[in-house]
């Protein structure tokens, strides 16, 4: 057996129990009927069955289903995006009502074709959800919106409950993994978000298994903490197709536990770490934990 073949074989701890009960099928039908997209489907998230069938949660993906970037880890389609759908914010808000969500995550494809990076529609989606669901906490997961401060301000002025922006990988691998996004630009984005709205928790995520070292990961944690990021998620990279970057290492659960302890020792208010953890995984629990610790610190 070659080393490359060995890398492609998933270990036991990554095997997922599929659950397609009425919650799952009902949620899928609702998304289709409202012409909405979820990152759960578009990015081939391994937790879709747990979230849709058991937890009845979903991460809405706005601004279309075609991304202007072509990150080498991501399964979302790339190309020329469609025109903006200005009715999308209301449909998302109505879906949150229909689902009875206590916490909603709203993400988007990168829209480098737009001057504001999609910030106006993103902000309006937050406001629409807030109007119709005043007791639902709202987490936003935008791209870097070109690193333009005015675009970020537009989104932060809508007052989401949590701002999530992923650095995705360590500094040493960033240019290879996501060539059109920049590591330092993402850190700056997170720093500015905290400066604009100090009471809104910030969050970021790192994939592992792309060739990073323990030292690389610790450096990334330090970089995030230096920019006042509150919450960290760590999960296993899984290759979506043969066209994407290969998995170079499968981290066992015990190693994720070690990384979580390191992250918490760095001062993160919450760290979710595990083979199947993704940025939005158990997001409601993450934001609740962060807010409780912020309140305790005051």
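Each Cβ is built from the backbone N, Cα and C atoms, and glycine gets one as well.
Annotated features, as they stand in Swiss-Prot:
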- 40, 45, 51, 280: [4Fe-4S] cluster 1 binding site (BINDING)
- 53-269: domain 'Radical SAM core' (DOMAIN)
- 67, 71, 74: [4Fe-4S] cluster 2 binding site (BINDING)
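The 10 Å shell around the Cβ of residue 67 ([4Fe-4S] cluster 2 binding site) contains 23 further Cβ atoms across the protein chains shown. Neighbour density around each Cβ, counted as other Cβ atoms within 10 Å, peaks among the binding-site residues 71, 74 at 74. Under the three-state DSSP scheme, residue 67 ([4Fe-4S] cluster 2 binding site) falls in the strand class.
Taking only the Cα positions, the spacing between residue 74 ([4Fe-4S] cluster 2 binding site) and residue 280 ([4Fe-4S] cluster 1 binding site) is 15 angstrom. Separating the Cα atoms of residue 280 ([4Fe-4S] cluster 1 binding site) and residue 71 ([4Fe-4S] cluster 2 binding site) is a whole-number distance of 19 Å.
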